[in-house]
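Enquirer: Could you have a look at this structure, given as structure tokens, before my questions?
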Amino acid sequence: MLQNSSLASVTVGLVQVAVTAVAALIMDRAGRKVLLLLSGVIMAVSTTLFGVYFKISVPHGKNSSVLMSAEHLAEGPADAPAWLALLSMGLFIAGFAIGWGPIPWLLMSEIFPLRARGVASGFCVVTNWGCAFLVTKVFHELLDLLSPYGTFWLFAAFCALNVVFTVLCVPETKGKTLEQIQSHFQQRSRPRSSPPGPPQ
């Protein structure tokens with residue numbers, strides 16, 4: 001059991017390190033927006049699969065004690081649901097590490113103008129860690145309220161909204177100077193001029 005637990009922990013860590021390194025290498029080639037979209041889709045799929053795992057293995061579980069860590073999953077029998085959970089966890093870690101883990105910190109330094117970069121970056125950091133705290137704080141309450149599979153399907157829905165937000169709101173900054181990026185936002189913020197009226 002101890003060997004399986006250690007193997008699961010090492011595997012999760014290796015996946016995270018390897019995918020983060022890949023993201024750093026291909027970020028300037030693939031583009032920030034493409035990787036964010038890929039990351040959001042992978043996270044949505046992985047959390048959906050996690051919900052399926054809990055729906056199959058714990059059909060009546062509305063107790064937070066039914067959740068298991070990667071180590072506990074590895075200690076169980078090698079049946080399909082256990083491997084589904086490990087696969088889902090690995091996919092989520094890989095999806096997060098390739099996009100929404102590293103790229104937002106890079107985008108912050110690219111899209112904010114110099115006059116507001118300090119305050120805006122600080123606001124983003126506070127928002128990020130505040131949301132992380134909020135998810136951690138209410139996670140067990142969500143398990144009791146929605147059940148484990150409902151909770152992960154809720155997370156999947158937020159990941160899907162994340163993809164929509166990326167498509168509609170996040171600009172591609174690959175190969176662009178800071179001046180070009182700022183010009184992009186200035187053009188979007190300008191009100192469209194109304195067409196000239198008919199001559200009097």
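Positions of Cβ are set from backbone N, Cα and C atoms, glycine also.
Okay, so TrEMBL annotates it like this:
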- 1-174: domain 'Major facilitator superfamily (MFS) profile' (DOMAIN)
- 6-27: transmembrane segment (TRANSMEM)
- 34-54: transmembrane segment (TRANSMEM)
- 82-107: transmembrane segment (TRANSMEM)
- 119-139: transmembrane segment (TRANSMEM)
- 151-170: transmembrane segment (TRANSMEM)
Enquirer: At least three Cβ pairs under 8 Å linking the transmembrane segment (34-54) and the transmembrane segment (151-170), pairs spaced 6 or more in sequence?
Expert: yes
Enquirer: Limited to the domain 'Major facilitator superfamily (MFS) profile' (1-174), I'd like the whole-number average of pLDDT.
Expert: 80
